[in-house]
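So that you can see what the record holds, here are the features copied from TrEMBL:
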TRANSMEM  A:12-31  transmembrane segment
TRANSMEM  A:51-72  transmembrane segment
TRANSMEM  A:126-151  transmembrane segment
TRANSMEM  A:157-176  transmembrane segment
TRANSMEM  A:188-205  transmembrane segment
TRANSMEM  A:253-273  transmembrane segment
TRANSMEM  A:303-324  transmembrane segment
TRANSMEM  A:358-385  transmembrane segment
TRANSMEM  A:406-428  transmembrane segment
TRANSMEM  A:434-456  transmembrane segment
TRANSMEM  A:493-516  transmembrane segment
TRANSMEM  A:552-569  transmembrane segment
Amino acid sequence: MGSDTLINATWLDYLLVAIYFGFVLGIGVMARRSVSDSIDFFLSGRSLPAWVTGLAFISANLGAVEIMGMSANGAQLGLPTFHYFWVGAVPAMLFLGVVMMPFYYGSKVRSVPEFMFRRFGTGAHLVNAISFAVAQLLIAGVNLALLAGIVRALLGWPIWVSLIVAGAVVLSYITLGGLSAAIYNEVLQFFVIVASLLPLTLIGLNRVGGWDGLTEKISAASAGASSSSDAPPAEQQLNAWPGEALSGFDSPLLSVIGIVFGLGFVLSFGYWTTNFVEVQRAMASDSISAARKTPIIGAFPKMFVPFIVIVPGMISAVLVAEMIELKDGGSPAGGASGDVTYNDALLLLMRDVLPNGLLGLAIAGLLAAFMAGMAANISAFNTVFSYDLWQRYIRKDHSDDYYLRIGRLATVGATVIAIFTAQIALGYDNVMNYLQTLFGFFNAPLFATFILGMFWKRMTPTAGWVGLVAGTLSAIAVDRAAAAGVFELSGQGVAFLAASVAFVVDIVLSIVVSLVTKPKPAEELRGLVYSETPREDRTDPNEASYPWYRRTAPLAGIALAMVIVLNFAF
Amino acid sequence: MSTTTSETDGRPKKAGLFDIRNIIGALMALYGVILALAGLFGEHEPEKTGGVNANLWTGVALLAVGLGFFAWAKIRPIVVPPDVDRPDDDPTRPAPQRKRPPAH
């Protein structure tokens, strides 16, 4: 067996993986039995230290997207990938903390569909609940495909067997209570991932001769590239701006606009401000001030995450034989899903530079991230399906037990469906392209409707659902047109364009429809629209009494300054 | 630090073993010890790492981080208030759970 698998793990590696899951399941069991009121104290989230909720906040997202997607992107495109962090995530997290969070916290909504229902009524609620459920199933498929890739790399099984096994593993993880102590697990996961990716990056840099060695090798590979290579030129890979390789636009000006508006504003703000899997982490804290600081504190570590996910991807592209061949236009065999793709960048680098032991730590971190990620998707699906769809539209007024049973069936059903949606994800050789496409379909129109509905009280219920439907359809239309060859954009340009079109179409249609239909009476909009929400509902009376380093605005200012410096430095 | 005391025994009640910092510390220290031992006694595989004993150094670093978390939890313990609310289940993450509170 041993020699024909991608990664040769030994008992030592499996021991480290087993220890991690022992910890996670042990915490789950303790949490459910509530062996100590300390556990209740931590789980209820009251007065949890801000660094804990901040780390949980970014860890809930440090899954497939971050680790595999960003390293794949780093391997393929190089430094422009940093925009996802420094133009995308960090400013969006600051915006969430400064502008949106007081409002979420004050209005006490628990989920996106719930906000839609209260703001716009049934139509928008139904559209949003269905599209949210579909999005969760598709993203669960991405996590499952990556998880199966690791199973396959370790054990050498065919991909469909690996998919089924990975699905079964996730189901048992959910059933055994792997999610019941989510905050504990997320913080643990963060440390395990950093503990494995940081050595990977340092050893990788050591192998290529430091940062200078890396840039030299990228330039050399680019200069000697064969004609079938579609890798971008070295100067584009080694400078973050203007990022033509990422946006696919030839003109630097259009590229910058595409990145700032498409990636930065629409996709990232849309993702971070409407993704309640993450926003929930902040809502658990004890005051508006703490809720606002959660994403802002999270932004500090988030700024440095790209160094341990994108840089290893870039190293992999010049160090690992298969990746070099792939980037030179070849199609080497032997990746996690059959042929080598950019998604394998990190796994292959781990194989080449990590000794047994550290390898196990890295595997534990990856398994943890994908499993927790998929489990969170499935649970989010489960909630929306049982309560927002089944209870509201299909079978009302049954017992709690009944809905719990439906929820369990939904969990199993979602896992089975994810095995099929994973097939779609496997069709993309850079999983980041697929994820950004999905975010364009689902998050961009949602963000448009959300932000217009929050700040414009005239927006009507009809406009709510019309905007969502039209936004999603126009994003799909742009994507299909690109797939059919109507126009050509490489990198993630199509996803940025689709997201931007969806956003604009949603806003324009919502305004037009609002002007010809009847708005909700203003008194029903308290807590849902900015101008109708009294100031005391969205400010924290104690905020002014804290020292400056515990107040929202100064922290956000420091984070913003740091991220601007980083943008200029690279 | 706050000196809230629980009413039964007059001493502040600490989160102790369940303090998240102790759990992080335990995992990191355990990994650190195992990796350091693997680095000392196992195969070194310098051809992969470019000559560095990566297991040993990572192990030592993790052990230091783990001890750091223990020390932090020891020096500034979290005091659990005398009566703690039972947490609500996280509605986005139901899985096996305490029963949902009634909807109305």
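The backbone N, Cα and C atoms fix where each Cβ goes, and this holds for glycine too.
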Under 8 Å for C-beta pairs, could you tell me which stretch among A:126-151, A:188-205, A:253-273, A:493-516 has the largest tally with the transmembrane segment (A:12-31)?
A:188-205
Would the transmembrane segment (A:188-205) and the transmembrane segment (A:51-72) count as touching if the test is at least 3 Cβ pairs under 8 Å, pairs 6 or more apart?
yes
Hey, does the transmembrane segment (A:51-72) touch the transmembrane segment (A:358-385), meaning at least 3 C-beta pairs closer than 8 angstroms, sequence gap 6 or more?
yes
Which residues of the chain, 6 or more past the ends of the transmembrane segment (A:434-456), have a CB below 8 A from one of its CBs?
64-65, 69, 103, 112, 115-116, 119-120, 124, 128, 131-132, 134-135, 138-139, 142, 266-267, 269-271, 273-275, 424-425, 428, 464, 467-468, 470-472, 475-476, 479, 492, 494-496, 498-500, 502-503, 505-507, 510-511, 514, 528-531
Before we move on, state whether the transmembrane segment (A:157-176) and the transmembrane segment (A:406-428) share at least 3 Cβ pairs under 8 Å, counting only pairs 6 or more apart in sequence.
yes
Counting only residues 6 or more past its boundaries, what in the same chain has a CB within less than 8 Å of a CB in the transmembrane segment (A:51-72)?
45, 81, 84, 139, 142-143, 146, 182-183, 186-187, 189-190, 193, 197, 275, 277-278, 281-282, 284-285, 290, 293-298, 300-302, 305-306, 309-310, 312-313, 316, 341-343, 345-346, 366, 369-370, 372-373, 376, 430-432, 435
Please indicate, using numbers and ranges, the residues of the same chain that are 6 or more beyond the transmembrane segment (A:493-516) and have a C-beta under 8 Å from a C-beta there.
246-249, 258-259, 261-263, 266-267, 270, 433, 436-437, 439-441, 443-445, 447-449, 452, 456, 458-460, 462-464, 466-468, 470-472, 474-476, 478-479, 482
The answer for the transmembrane segment (A:406-428), taking Cβ pairs under 8 Å and residues 6+ beyond its ends, is 136-138, 140-146, 148, 159, 163-164, 167, 170-171, 174, 337, 374, 377-379, 381-383, 385-386, 390, 434
